[in-house]
Structures are given as C-alpha cells and as structure tokens.
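A.B. asks: Could you have a look at this structure, given as structure tokens, before my questions?
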Amino acid sequence: MSLLTHLLSCLFGLGSWVSINGLWVELPLIVPQIPEGWFLPSYLSVLIQMANVGPLFITLMHRFKPGVLNEAAVVYVIIALGTLASFLLGFFWKETLVVAGAPRSVALLVLTFFLATVDCTSSVTFLPFMMRLQPQYLTSYFIGEGVSGLLPAMVALIQGVGVVRCVNATQSTNRTSNATAELQAQYQPARFSAEEFFFFLSAMMLVCLAAFILLNYHPSVDRENPNSRYTNGVKQKAQRGRKWAEQKPMMEPYGQKKPRSSFGSGSYSWLQVSYIFVVLGWANALTNVVLPSVQSYSCLPYGNNAYHLSASLAAVANPLACFIAMFFPIRSLVVMGVLTVCGSAVGAFIMGMAALSPCPLLVHDSAGAVIIVLSWVLFVLSLSYVKVMIGLILRDEGHGALVCCGAVVQLGSLLGAATMFPLVSVFGFFSSGDPCNTRCP
C-alpha cells in the first residue's frame, strides 16, 4: 500500500464536511454580530436539511440512470463550489439586506445553503469514488472525514472562540451591607477574525481539490489501480470488467435466484441488508444530530472546562476510531450490533444528563465531569467504529451499495434533525446550565 495514496485519501475525505463543521464551531463569534442572533443555529439546521436535495438527485440518477452521471465531474463541481462559497463568506458574512422590513443576513444564509449542499452531496459522491481504490484506502478516507470535524475545532480553539472566564462580580444593596460575591461569565476576544477563519476553510477545500486531482492522475496511484484509470473524468476501456458496479441496481426484482439476495454480491440476506442500513441510519442520526444538539446541555452544568474537554476529545475520538479500523477491519454483524447497543446506551445516559440540566447527577462532584467527558468519548468512539465497519462491508458489495450508504447517512441525519429541532428549538425541552454558576438543591 502506498503511503501517498493513504495521505491523499485522507485529505480527500477532509473536504467532505470541513465547511459546515467549521461554520458550527465559529457560531459563538458570528452570532453577536448578525441580526438573527442565536436563532441562526435553527436556521442552519433547516438549511442543511433542505440541502439534501443534492444527494437525493445523485441517488435517483444512480438508481434510474446508471452509468449516465459523470462522477468525477460532479466531484470537481462540488469541491469548487465549496471552495468558492467558503471564500465569499470571508467577505460577505456580516452583510445584511432589508427583507420584510427587517435586516437579514441574506448572503450568510445563501452561502451556507451552498456549503450544506456541497457537504451533503459529498456523502453520495466521495464514497462511491473510493471504489476505484483498494479497500484499505477507504479507512483512510474515513480518517479524513473524522478530521474534517476535528481540524476546525482545533483551529477555533486556538482562535479562542467561545472561551469563557469566570470573574468575580460583587453586588450590594447599600454601603453598609456586605457585598455578595458572584461569578460572572466573561467571553474572551478571539485571537483572529471570522474572516480569516473562513479563508482557512476555503484553503482546506483547495487541499481536498488537489488531493482529488492527484488521486485521478498521479502515476503512483495509477500503478496500484490499473483497472481504474480515468482520463478527463471518463472511464477507460480497462474498467469495463467492473462496469457492473455502477450499472447493477442495488435491489433487483424479487424472485431472481441469487445465492442469498440480489443485493451486491449476494453475500447478505435481505434481513441482514435491512439490519445494516437500519444500524447505519441510527448511528448517523445519533452522532451527527441527536447528541450534538444537546452537548451543551449535558456538559455545561459540570463547568466550562468539562464542556470544552468533551467537545475536543469527542472530535479526536472520531478519527481515532477510523485509525483503529485500519488495523482491525472487523466486518462481523454481531460485533456491529454489540457496539451499536453499547454506544446507544452511553448516548442514552448523555441524553438523560441533558434532560436533567441544569442539575444532572453528580453536578457538584468532580467525578461527574469526568464521567460525562468519558461518556462522550466512548459514545463517539464506538459508533464511529460502527460506521467504518458498515462502510467496509458496503464497499465490498459494490459501487451502488456505497451510493445507498451515502443516501442512508443523509436520511438518518434528516430524521434526527426532524426529531430534535422541535424538542430543542420549539418546545424548549432542555434547559441550559450556567458555566460559572450552577445552583441546585
């Protein structure tokens, strides 16, 4: 295996979600300077789900017009679009227009929709492209996908976004009364601006574009894949032997005699196929939307340090799980089920602590902070490994299986958002804790 190909696969995966992940971690710096305020996260959730029109179109094209879509050309277009949108955000994110008598961040919302379309569509284009490489490189791609969340978080941490310092604020009713000391949250100024952060995101998309070009044309990559040559994005005759991977429908009409099913190579029965996709949708719903939407509620009552530590270590846990899968590429459905149950159980504990906010269990004990941080790490580690397992399984089943893999990833995220948005933003089911003052009986 070529170290260069591993590196290029990782950098290619880096561009999958780096833009939207970067926008989310920059929110504490953006929100105070725009008219939408803290309603912006709700708007972003809606825009991201609307952007699923991209993967829906790609999936339908693969299903009903197999072989027609120029996959490489689509990847070039969406990476270029993501690069341009990130670059323009650096200039226009604060610009407003008057809409319905009120100022609105039209440029920010429109460019965010394009970024979301790029990142959502990457799920059904980047993964199928990896079919032309050896199976081992898919794990490197997943490492890059995990780093797409870790890298913006680390840069935002260096930038100082959302860093709170608890300072003493004294209150007194008159000169003779004793002053009452109270801690007050004071947000620290950022070390560099949001504009520079968006330019950084644009540079990361350029790195992804360069990696994709080299994966297509670099001689050392090409030597390892003599049957997967591309010239100007068009498959050569040498790939005709694998043409079935693109043209073979994922689910053929029932009744056709196959070893176990008409799915992929027929290695799995229909029940197992359904089980794999249900687990995939469930794992992505939990890790992409459901638990991240309540992370602040579950951690802030234990203190600002616990919140930032859980966010940072959870971001590290994702690529770590992919790195482990590189050396232990397990495909057992039983192990997948056990890890899913364990990860879901830890996720249920985290959700319970979020529901009890601002007074979760052990809120006044340092052990509570340790437990919640470890819970986040174990949750992300176990379910991220499950997602890599499923990616390896579906990679073995062919191109169409990876297309459906990306579609189910987006469907799981959509269902998770549809569930959590009303609970968090409409009904106010969760109550936030004060990072400096937690008062519980």
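Any Cβ shown, glycine's included, is placed from N, Cα and C.
Copied straight from TrEMBL:
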TRANSMEM  38-61  transmembrane segment
TRANSMEM  73-93  transmembrane segment
TRANSMEM  105-129  transmembrane segment
TRANSMEM  141-164  transmembrane segment
TRANSMEM  197-217  transmembrane segment
REGION    226-248  region 'Disordered'
TRANSMEM  267-286  transmembrane segment
TRANSMEM  306-328  transmembrane segment
TRANSMEM  333-355  transmembrane segment
TRANSMEM  367-388  transmembrane segment
TRANSMEM  400-430  transmembrane segment
A.B. asks: Between the transmembrane segment (38-61) and the transmembrane segment (367-388), are there at least three Cβ pairs closer than 8 Å, leaving out pairs fewer than 6 positions apart?
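C.D. replies: These two segments do not touch.
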A.B. asks: For the transmembrane segment (197-217), could you work out the same-chain residues 6 or more beyond its ends whose Cβ comes under 8 Å from its Cβ atoms?
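C.D. replies: Residues 5, 8-9, 11-12, 14-16, 18-19, 22-23, 26, 29, 72, 75-76, 79-80, 82-84, 86-87, 89-90, 93, 133, 151-152, 155-156, 159, 230, 233 contact the transmembrane segment (197-217) from elsewhere in the chain.
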A.B. asks: Do we see three or more Cβ pairs under 8 Å linking the transmembrane segment (400-430) and the transmembrane segment (105-129), pairs being at least 6 apart in sequence?
C.D. replies: yes
